[in-house]
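This report refers to the structure that appears directly beneath it.
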Amino acid sequence: MADNSTEATFDAKSCTIETCPIETSYYEYRPSLAANVALPAIFAASFIGFALTKVFTRRSRGLFFTFALLLGLAAEIVGYIGRVMSYNDPWESTGFMIQICCLTIAPAFISAGIYVSLRPIIAAFGNHNSRIPSRWYTRIFIPCDVVSLILQGTGGGLAAAGDDKATTDNGTDIMIAGLVFQVVTLLVFIGLCVDFSISTFRNFKVNGSTALNDDPAVVNIRRSVMFRGFLAALALSTTCVFIRCVYRVAELSEGWTGPIMAREDLFIAFEGGLISVAVLVLNVFNPIICCGSLLDPQTQKGLKVSDGEYSMKSLSDGRVLTADVIESPQLPS
């Protein structure tokens, strides 16, 4: 990235905390050591939590969800390590480049995990309550997430490595485009979630329990405290990632020397704080634990799962076959 406009007065390569005003550094402040050590520690604990949950559960359940969250958390950890590297020398570019690239793209992986988590919820309440078949949520939103990831990663790399203002500005514009695309994607996703909730509520109000998937195993999942906690956790996590993305658009729209960019307190709160909440609530209410059988590929084939429960069966077009349509399996006493 090109140096600040004050480069004519200060040689960044020879600057130290003692010799140059901190406003001439890449950050325009000295990164907080305490905050930037605490955050990767939180993300590392979350990483271990997701990894252990996957290890101690069935291999076929929630693989994509776990993989996406682990990638996002790994990027968060590396990004904050970059900020810690900048504590002693905020004029050094390596740490700054690391945090730009990693912290920019990390939430896109977390968003991917959120997108795939909607499918078991739709399965639990009934695919007929959804405006689109459940399988299309991943087919629509995961490619959108990939586009956002590519734009943000490419823009972040150009902005960080640019040796002139034109290159830096181009990179920044690409980053903003990727973030705006992610905001729009999340907004559409939230809108469809709200639409599904309203549709399910209205159908239930009119038709009672027949409006929902009434497979016995699915009913048990839907009534569980953990599943209800998962619904709240997913809503909170989605909201946190959405607000974070809106903040980053506002931050970058004012340029690398804008007033928001120079506020570490805002960065820690809206970047680190919100993403911490987003991943920690999913650690506690992990869909693998809360509705694991609905994540199992065997569920879609109508096969018996190993713990003695029977999963639902599905039609080829994604609509759920409920117990009044198919012959219910004999449940163990």
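Cβ coordinates are placed from backbone N, Cα and C, and glycine is handled just like the others.
TrEMBL does not curate its annotations; it predicts them automatically.
Taken verbatim from TrEMBL:
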| type | residues | note |
| --- | --- | --- |
| TRANSMEM | 33-52 | transmembrane segment |
| TRANSMEM | 64-84 | transmembrane segment |
| TRANSMEM | 96-118 | transmembrane segment |
| TRANSMEM | 139-162 | transmembrane segment |
| TRANSMEM | 174-194 | transmembrane segment |
| TRANSMEM | 230-250 | transmembrane segment |
| TRANSMEM | 270-295 | transmembrane segment |
Checklist entry - In the same chain, who gets a Cβ under 8 Å from the transmembrane segment (33-52) while lying at least 6 residues past its ends? => result 66, 69-70, 73-74, 76-77, 80-81, 83-84, 87, 264, 268, 272, 275-276, 279-280, 282-283, 286
Item to check | Beyond the flanks of the transmembrane segment (230-250) by 6 or more, those residues with Cβ under 8 Å of it | outcome: 104, 107, 110-111, 114, 117-118, 121, 176, 179-180, 182-183, 186-187, 189-190, 193, 260, 266, 270-271, 274-275, 277-279, 281-282, 284-287, 290-291
Checklist entry - Restricting to the same chain and to residues at least six past its boundaries, which positions have a Cβ under 8 Å from a Cβ of the transmembrane segment (174-194)? => result 104, 107-108, 111, 114-115, 118, 131-132, 137, 141, 144-145, 147-156, 158-159, 235, 238, 241-242, 245-246, 248-249, 252-253
